[in-house]
Every structure is written in C-alpha cells, then in structure tokens.
C-alpha cells in the first residue's frame, strides 16, 4: 500500500475533564468541560460551571486540563 493510505486517522474527543478552583474558598474540584448540569462548589456552594447546551461556562479558575 502507498504511504498515504497506511495511516488511519482516529478522531479525538473535544471534551475534557478540567480542575476548577473556587474563587471564594479556594477549593479545587474536577468537572466535565461539557457539563449538562450546574456544578457547585462542594465546600461553599458557589456555582462553578453553568451549562449552555455545549461547552459549559466556568466561573472558577481553570487550574489544569486533564487528559
């Protein structure tokens, strides 16, 4: 087979897990980048991620994008 046909392109997902830091209490927690429900801080209850039908809007600081 020619060189160009030997590669198989595998699509990669665009969604990731992210580690968010709460701006009020500094708690860090992991959430999904395309969250379908409101994500609240487990310590103080502040909204960290608001769903939009696609990628969530993050109110907290994104510390790390997990692979």
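Placed from the backbone N, Cα and C atoms, the Cβ positions cover glycine too.
Of all ranges given (22-44, 45-67), Swiss-Prot attaches the label zinc finger to 22-44. Residues 15-16, 50-51, 54-56, 59-61, 63, 65-66 of the same chain, all 6+ positions outside the zinc finger (22-44), place their C-beta atoms under 8 angstroms from a C-beta of that stretch.
Across the zinc finger (22-44), DSSP classifies residues as 0 helix, 7 strand, 16 coil.
The Cβ of 44 has fewer other Cβ atoms within 10 Å than any other of the binding-site residues 41, 44. Summary for the binding-site residues 22, 25: the Cβ-based neighbour count within 10 Å is maximal at 22.
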